[in-house]
Amino acid sequence: MGTGKKEKSRIQRQGKVTGDPKVKGENFYRSAKKIKALNVLKEGKAIRNKEGKVVKAASYQSRDVPTAVIEPNRRWFNNTRVISQDTLTSFREAIAEKDKDPYSVLLKSNKLPMSLIRDGPKDALKKHQAKMTIESEPFSQTFGPKAQRKRPKLSFNTIGDLTEHSEKSMDTYQARLEEIKLLSGASGYGGGLADDDVQEEDFSVATAKEAIFTKGQSKRIWNELYKVIDSSDVILHVIDARDPLGTRCRHVEKYLATEAPHKHLIFVLNKIDLVPSKTAAAWIRVLQKDHPTCAMRSSIKNPFGRGSLIDLLRQFSILHKDRKQISVGLVGYPNVGKSSIINALRGKPVAKVAPIPGETKVWQYVTLMRRIYLIDCPGIVPPNQNDTPQDLLLRGVVRVENVDNPEQYIPAVLNKVKPHHMERTYELKGWKDHIHFLEMLARKGGRLLKGGEPDVDGVAKMVLNDFMRGKIPWFTPAPEKEEGETDTMEGREGRYGEMSKKRKRDEDDSAPATTPASAGEDAKEEDPENFAGFDSDSDSEVEEAAEEKGEEKSTAEDMIPLDASSDEEEDGEEEGSDVEDDEEGSDLDIEGASELEESESEAEAAPAPPPKKQRRSRK
């Protein structure tokens with residue numbers, strides 16, 4: 001072991017240098033770091049000899065390309081996935097037909113360019129060209145003193161095209177007038193306004209409304225709505241059976257169709273006990289053409305449609321087997337019965353309800369089963385310029401006690417309700433106008449102010465509350481069918497648009513399984529002209545129909561129990577027993593119940609006889 005210079009030389013010779021190796025060009029003036037930086041700058045230049053020829057090319061300068069070899073694969077010489085235009089058109093038509101069916105659910109999609117199938121309408125190219133024409137050639141440069149062309153470019157080449165376009169515009173205009181007639185109650189089974197009395201829509205500036213009529217349109221309410229929609233897999237759109245078109249939220253339907261087409265939308269026609277069965281069945285047939293529709297009477301002790309709705313939710317939970325649970329959100333106008341439906345499904349009061357709008361402030365989760373959760377949402381009121389204050393008030397959007405001058409809305413009530421219904425409800429006759437009617441009602445009830453003057457404001461609020469809470473019978477009739485149009489869908493010929501019952505085996509195969517219920521059953525029903533409404537103490541048509549068919553009110557055999565499948569509640573047998581104890585009434589629209597199952601359930605429910613004692617023989 002040497003020291004000093006000899007030892008350093010030996011370590012370098014054996015390659016045991018601990019520090020950085022010496023870089024070429026490193027000296028006292030240039031460190032290794034500086035030399036590396038200079039080499040980076042020199043790297044982009046080629047090295048040439050004294051004759052100027054490139055001896056060593058710079059980085060990425062060489063033009064010598066290595067020989068490329070194609071992978072020997074047979075797929076290079078086969079045809080690609082091609083499809084003809086005729087096949088694509090037929091496939092597009094088949095997909096469009098299935099999309100229109102509200103009872104079809106897409107379970108799995110193939111690896112196809114769906115943009116080629118779900119393209120825009122046929123006139124999408126014309127609309128795009130018209131948009132580009134307007135942007136490139138504005139109106140001021142085409143018409144007027146600054147016009148730069150003699151003849152404007154029109155989208156119609158012939159008079160026939162112009163006539164066809166005019167007819168389509170006229171049909172759209174007539175459809176809008178028909179919708180106005182339906183909303184005003186001037187169409188349907190007789191009565192109402194004539195065609196000449198329906199005024200056309202004017203585009204004048206709307207006057208200022210009271211602040212109370214902006215309820216349900218705040219940013220907080222819409223945030224709650226979008227939170228419920230984003231958190232839900234199935235959306236239950238609750239609609240009032242007395243005014244289905246007025247309480248139908250088109251904004252939610254359009255939002256789900258464009259932004260969330262994977263979510264399922266279901267219409268729930270609530271409060272069907274306040275309308276005739278014929279009218280409820282007609283509205284269900286109309287609404288089920290767009291989305292699946294269920295009829296519901298939200299009552300804890302005596303519900304109607306509860307079993308069918310639970311069965312439908314179970315079907316959606318089966319469709320989404322990959323998820324641990326599904327969430328069902330209830331949306332709709334205020335005071336249509338969203339929280340009441342949750343209580344009816346659970347069989348006990350779990351959500352706060354009240355006969356006034358705006359009781360639900362924020363969204364809340366409620367457990368229905370182990371795999372199904374319910375989400376309650378505050379009521380929303382989509383802004384619409386055509387909605388007048390009286391329309392919003394009669395839909396139950398605002399609270400009557402907060403409205404100024406309530407007597408000004410009584411004429412709208414008298415227009416919607418037939419005179420004999422008002423006479424039968426309040427036992428009054430012979431009023432001249434709405435003020436005279438309120439004075440007569442106030443004097444009859446003893447509601448007088450100082451000096452013997454009738455309390456018109458108080459009586460008007462009472463009448464409005466009776467109108468919204470169902471004490472005054474009224475309903476909007478369904479639109480009449482056109483000639484040659486059928487209101488029943490294929491495979492759903494039941495009374496309320498449900499599927500046909502299981503036909504008996506002893507019937508002939510050639511005989512039809514069911515017949516449309518609109519001809520036979522509707523003839524026995526009460527005429528809507530003579531409809532007098534239902535009191536809280538009297539039985540409704542739903543209960544009377546159940547009694548005619550021999551079904552008991554207090555039995556739960558025709559109800560679908562919550563613990564019938566693996567979807568049990570989290571609380572186990574305790575909550576299941578509570579729901580079963582509260583189940584009363586009958587469900588007429590439950591499908592698939594056979595006579596054998598009913599006989600077996602009756603045999604199980606009947607107590608077993610005591611065993612007979614055997615006598616022993618004495619020997």
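Glycine is no exception: its Cβ is also placed from the backbone N, Cα and C atoms.
The GTP binding site annotation in Swiss-Prot covers Gly332, Tyr333, Pro334, Asn335, Val336, Gly337, Lys338, Ser339, Asp376, Cys377, Pro378, Gly379, Ile380. Here Swiss-Prot flags 1-10, 489-500, 547-556 as compositional bias 'Basic and acidic residues'. The compositional bias 'Acidic residues' annotation in Swiss-Prot covers 536-546, 565-603. Summarising the annotation, Swiss-Prot assigns domain 'CP-type G' to 222-383 and lists sequence analysis as the type of evidence. As annotated by Swiss-Prot, region 'Disordered' applies to 1-24, 473-619.
Features as recorded by Swiss-Prot, highlighted on the structure.
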residue: Gly332; record: GTP binding site; DSSP class: strand
residue: Lys338; record: GTP binding site; DSSP class: helix
residue: Asp376; record: GTP binding site; DSSP class: strand
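There are 24 other Cβ atoms within 10 Å of the Cβ belonging to Pro334 (GTP binding site). Under 8 Å, Cβ to Cβ, and six or more positions away along its own chain, Gly332 (GTP binding site) finds His237, Val238, Ile239, Thr247, Cys249, Lys338, Gly379, Ile380. Around Pro378 (GTP binding site), the same-chain residues six or more apart in sequence whose CB sits under 8 Å from its CB are Gly216, Ile221, Glu224, Leu225, Pro334, Gly358, Thr360, Lys361, Val362, Trp363, listed in sequence order. Compute the center of the Cβ atoms of Gly332, Tyr333, Pro334, Asn335, Val336, Gly337, Lys338, Ser339, Asp376, Cys377, Pro378, Gly379, Ile380, which mark the site for GTP; besides them, the chain residues with Cβ within 8 Å of that center are Val238, Leu330, Val331, Pro357, Thr360.
Of all the binding-site residues listed here (Val336, Lys338, Ile380), the one with the fewest other CB atoms within 10 A of its own CB is Ile380.
In the predicted model, residues of the domain 'CP-type G' (222-383) average a pLDDT of 91. Spanning the listed GTP site, residues Gly332, Tyr333, Pro334, Asn335, Val336, Gly337, Lys338, Ser339, Asp376, Cys377, Pro378, Gly379, Ile380 have a farthest Cα to Cα distance of 14 Å.
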